[in-house]
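Peer 1: Reproduced below are the annotations present in TrEMBL:
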- 36-392: domain 'Aminoacyl-transfer RNA synthetases class-II family profile' (DOMAIN)
- ASP106, LEU107, THR108, ARG133, GLN149, ASP153, ARG302, TYR306, TYR307: L-histidine binding site (BINDING)
Amino acid sequence: MPLLGLLPRRAWAALLSRLLRPPCASCTGAVRCQSQGTRDLSPQHMVVREKILDLVISCFKRHGAKGMDTPAFELKETLTEKYGEDSGLMYDLKDQGGELLSLRYDLTVPFARYLAMNKVKKMKRYHVGKVWRRESPSIVQGRYREFCQCDFDIAGQFDPMIPDAECLKIMCEILSGLQLGDFLIKVNDRRIVDGMFAACGVPESKFRAICSSIDKLDKMAWKDVRHEMVAKKGLAPEVADRIGDYVQCHGGVSLVEQMFQDPRLSQNKQALEGLEDLKLLFEYLNLFGIAEKISFDLSLARGLDYYTGVIYEAVLLQTPTQAGEEPLNVGSVAAGGRYDGLVGMFDPKGHKVPCVGLSIGVERIFYIVEQRMKTKGEKVRTTETQVFVATPQKNFLQERLKLITELWDAGIKAEMLYKNNPKLLTQLHYCESTGIPLVVIIGEQELKEGIIKIRSVASREEVAIKRENLVAEIQKRLFES
């Protein structure tokens with residue numbers, strides 16, 4: 001069924017009115033500017049993106065994940081009250097029948113809804129898909145209103161911290177494989193965050209609001225975050241100052257041990273539970289050989305409401321820029337955590353399915369790779385064509401069609417020009433400009449002698465082979481290259 005058939009016209013009109021800006025003064029006729037916070041992807045962009053996605057997905061599969069997908073839109077009630085203050089960033093639609101719908105904000109909540117609806121108690125899945133958020137776009141930080149997410153999640157009741165440690169291992173494998181530069185993964189636990197708030201004197205009713213403020217510390221200075229908590233959210237200044245003492249702390253397992261002795265946190269049951277799990281987590285991280293990439297950071301809060309346990313976020317310490325250039329500031333490039341209560345919110349009987357997962361920030365990674373390629377002047381092949389079928393003579397279209405059919409049927413990626421009588425020089429220039437490595441040439445002399453010429457585009461060397469050996473010879477050359 002066409003996508004348009006899934007929603008009535010009025011719903012699509014509402015969607016388009018939100019996603020598209022009015023035309024600017026420079027627009028003429030039916031031509032419109034591109035919607036703010038979105039982007040077109042050229043063939044060059046798609047080649048780079050597909051390589052990144054292939055690496056990410058292959059890692060997910062290596063760890064045993066199954067692929068799945070969910071609709072681009074959900075019932076609005078499915079998504080509301082799951083994202084805290086960010087709920088206002090959802091794109092809403094309205095059905096003709098009055099059914100309220102929203103474009104998905106992330107891939108996690110739809111996954112939890114899927115588990116509850118289908119009564120799935122155990123699953124390891126990956127999901128690559130677009131999500132939409134009505135936030136201020138920042139192209140220089142790789143942040144858009146429409147963007148792609150790559151998620152990996154483990155659902156089910158398992159022994160503590162084993163799935164969580166694997167998620168961190170996966171993040172390390174992907175970020176190392178992408179060769180983006182040195183990185184650090186910050187970890188914390190929502191129970192430690194809440195325990196810290198309670199120990200500092202934050203009223204329980206303000207926990208989520210203050211958590212949302214703390215989550216901005218990667219973008220704002222502490223004095224600005226403190227001002228927001230005190231002036232806008234009504235937190236007592238002395239309470240904010242106590243929080244400030246904690247959020248400056250970061251380190252390894254030794255800091256976890258230190259927090260066990262903290263006079264405030266050691267009196268809070270929730271915080272102690274979180275610290276016990278982090279201590280166990282670091283044991284597994286050592287066994288995975290990635291502990292040096294992980295930092296216990298008390299400033300990490302993760303603003304989404306559904307997190308219940310371990311949380312983590314990966315940041316680049318240095319992007320691969322040339323000497324003298326400012327490093328690219330794109331924020332976190334991967335994040336995730338444990339959300340044990342989310343599935344139960346969709347189950348009629350409230351049955352919970354513990355879950356932990358991660359999301360790779362593909363758009364930000366893509367922006368970094370794109371900028372690096374621009375700096376280095378790297379060119380990208382936009383096709384995978386291996387062989388070009390050419391002729392130096394007129395009236396040889398039929399022979400070229402027979403030849404290219406033979407190559408296609410053998411699984412060889414081949415092209416030819418869509419002209420009856422193309423010039424040989426034009427055909428060879430096309431191969432050079434598009435990076436096609438081999439040319440097969442057929443003309444009157446070759447046809448008469450039952451041979452085909454194979455030309456290397458790079459070296460310009462030509463060899464003649466028997467027509468019946470063409471496929472085998474090309475496959476041999478492609479294998480050797």
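Cβ atoms are placed via backbone N, Cα and C, with glycine included.
Surface or core, plus neighbours and distances: that's what I need for these features.
Peer 2: When Cβ atoms from all protein chains are considered, those within 10 Å of ASP106 (L-histidine binding site) total 20, not counting its own.
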Peer 1: Any idea of the Cα spread of the L-histidine site, ASP106, LEU107, THR108, ARG133, GLN149, ASP153, ARG302, TYR306, TYR307, as a max distance in Å?
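Peer 2: Across ASP106, LEU107, THR108, ARG133, GLN149, ASP153, ARG302, TYR306, TYR307, the two farthest Cα atoms sit 21 Å apart.
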Peer 1: If you count the other Cβ atoms within 10 Å of each Cβ, which of the binding-site residues THR108, GLN149 comes out on top?
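Peer 2: Selected residue: THR108.
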Peer 1: Using a 10 Å radius around its CB, how many other CB atoms surround ARG302 (L-histidine binding site)?
Peer 2: 22
